[in-house]
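> Structure provided below as structure tokens; questions to follow.
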């Protein structure tokens, strides 16, 4: 039973990939915790914490497509080391600025934007590598364990950073992120076989950087089930996952929480993610995966609504753990289905398209909700978006045969199983 949960760890390359994902995501969540708290502490406005989250995530629209193309034609180890180096420079600079109280809200936004470009590149490269280091039949288990590293570090990073933030201030907490990136950078070259050879490589190098990404759009358009899942991910990210910009204000004004409690709430999201993805790692039944797909979509909206309605710390913690668990399962299943239906030569570009919608919509929503929360209480915004997403899932269920098929059988309509290359 235990072996079935951790089957993907039998593959050496996957073990290194998982460790790299754990380190880089721990650093990313540490950065997110500190920079959002710092922006709100400086301004006492969710507009600035929302702007910081917008700056961190918006590079997915530009950075992820470029990284997706580069990931399909270059040595990904060089790309990953370069991205880690950029993140080290940014976190060290923020640590120094914070130590001497030279940080400003505008400077936080600018550095968050640069951080986001490197982070989006790392996300594409790490996610798109999974199908190349494990067999196809192990893909969902590998992605579930990968999600433990991606989403579970939302617990690890803030849990380690919160005491540093409280006791020593943001400067020391940023250095924790620096350490994670430095460690990750030294481990990258333990990876082998990270370049996906494809017949299209030379053609890709001769074309403009955005032409192959356009191929990704065409590829998804030719495969309606992939398009369906990518679009639902976009709604999910915009409506249920874009609350980080409002979270400092909600914790302080609605839950009357301290800086320590804010760190606890962020860590609880990651704790829920660990529970959810470990549960998913042990699921082998195809039908059960399909059932979890639609159920966690609904629970994601419902649990966010419950969190927004919470008036006590205990209820808020229980609700946010459920938010983390349901969102981690839904996002992992979505990526798993998308990559399962994509040929290996297209995984970088399809994964980057997935991240463009996820990060792009989330960044815009964070900015919008952060600004709106100056007029409307964050709790009301989260309730409304949670309910709206549940309604959208219902619309998909009523009008999409592909969605019903995946939800009921955990598989796809027959004409979608034969995935074609955009050049075929």
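Cβ coordinates come from backbone N, Cα and C, glycine included.
Automatic prediction, not curation, is the source of TrEMBL annotations.
Look at TrEMBL and you will find 1-196 tagged as domain 'Major facilitator superfamily (MFS) profile'. What TrEMBL records for 16-40, 52-71, 78-100, 106-134, 179-196, 226-247, 259-280, 292-309, 315-338, 350-369, 381-399 is transmembrane segment.
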> Report, as numbers and ranges, every residue of the chain located at least six residues beyond the transmembrane segment (78-100) whose Cβ falls under 8 Å of a Cβ in that stretch; write 'none' if there are none.
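Same-chain contacts beyond the ends: 20, 24, 27, 31, 35, 38, 67, 70-71, 107-108, 111, 114-115, 117-119, 121-122, 125-126, 169-172, 174-175, 177-178, 181-182, 184-185, 188-189.
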> Can you work out which residues elsewhere in the same chain, 6+ from the ends of the transmembrane segment (106-134), have a Cβ less than 8 Å from its Cβ atoms?
8, 11, 13-14, 17, 20-21, 24, 28, 31, 35, 38-39, 42, 48, 51-53, 55-60, 62-64, 66-68, 70-72, 76, 79-80, 83-84, 86-87, 90-91, 93-94, 97, 141-143, 146, 193-194, 196, 335, 339, 342, 344, 347-348, 351-352, 355, 359
> Same chain only, please: residues at least 6 beyond the ends of the transmembrane segment (292-309) with a C-beta under 8 Å from a C-beta of the stretch. Say none if there are none.
232, 236, 239-240, 243, 250, 276, 280, 283, 315-316, 319-320, 322-323, 326-327, 329-330, 333-334, 337, 378-383, 385-390, 393, 397, 403, 406-407, 410
> If you count every Cβ pair below 8 Å, which range out of 16-40, 226-247, 259-280, 315-338, 381-399 shares the most with the transmembrane segment (350-369)?
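Comparing 16-40, 226-247, 259-280, 315-338, 381-399: 226-247 has the most Cβ pairs near the transmembrane segment (350-369).
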> When each of 259-280, 315-338, 381-399 is checked against the transmembrane segment (226-247) for Cβ pairs under 8 Å, which one has the most?
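Out of the listed stretches, 381-399 contacts the transmembrane segment (226-247) most.
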> Can you tell me the mean pLDDT for the domain 'Major facilitator superfamily (MFS) profile' (1-196)?
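Looking only at the domain 'Major facilitator superfamily (MFS) profile' (1-196), pLDDT averages out to 87.
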